[in-house]
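**Q** Annotations per Swiss-Prot:
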- 11: active site (ACT_SITE)
- 71: active site (ACT_SITE)
- 143: active site (ACT_SITE)
- 11, 143: Mg(2+) 1 binding site (BINDING)
- 71: Mg(2+) 2 binding site (BINDING)
């Protein structure tokens, strides 16, 4: 008999990094927890990255996921903001990798398509589908909701070739 796989989805951001933990067994999804790790905007960049690292490390230690999924970042017109987001994303990938978890990456439109059926939807559609897919899901804010959507996307796609290679090491 196969056991449930616990997945952490991470929505990286320098101010707020959302996280969501679910379990999947076959086609069923079960909400475990979600939240947001915050960094202090008055602190220097290195200290803010440490806050994100330590907060995510605490979440991974507490919830003991088996696999992780992180949303890929997009490039916007503000190069400095894009670089900072990339650094936060590096932390979001490093923490689960250091815990020995395979880490998958998903584009934002792939996450939306997996959860709401189309690649371009709004936050309200994601919130509604999260409640349909996992009626007991609790999330405060878009970052935690997005992280749960990333975890669901991974649950739906974890059998893919790229993930099989990551799991094989």
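Placed from the backbone N, Cα and C atoms, the Cβ positions cover glycine too.
Note that the structure is a prediction, hence the values are computed from the model and not measured.
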**Q** Within 10 Å of the Cβ of residue 71 (active site), how many other Cβ atoms can you find? Include all protein chains, please.
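**A** Other Cβ atoms found within 10 Å: 24.
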**Q** Using the alpha carbons only, what distance in Å do you get between residue 71 (active site) and residue 11 (active site) once rounded?
**A** 6
**Q** Using C-alpha atoms only, work out the spacing between residue 11 (active site) and residue 143 (active site) and round it to an integer in Å.
**A** 6
**Q** With every protein chain in view, how many other Cβ atoms are within 10 Å of the Cβ of residue 11 (active site)?
**A** 27
**Q** In three-state terms from DSSP, label residue 143 (active site) for me.
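**A** Note: residue 143 (active site) is helical by DSSP.
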**Q** Residues with Cβ closer than 8 Å to the Cβ of residue 143 (active site), same chain and 6+ apart in sequence?
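**A** 11, 13, 16, 17, 18, 36 - these are the non-local Cβ neighbours of residue 143 (active site), listed in sequence order.
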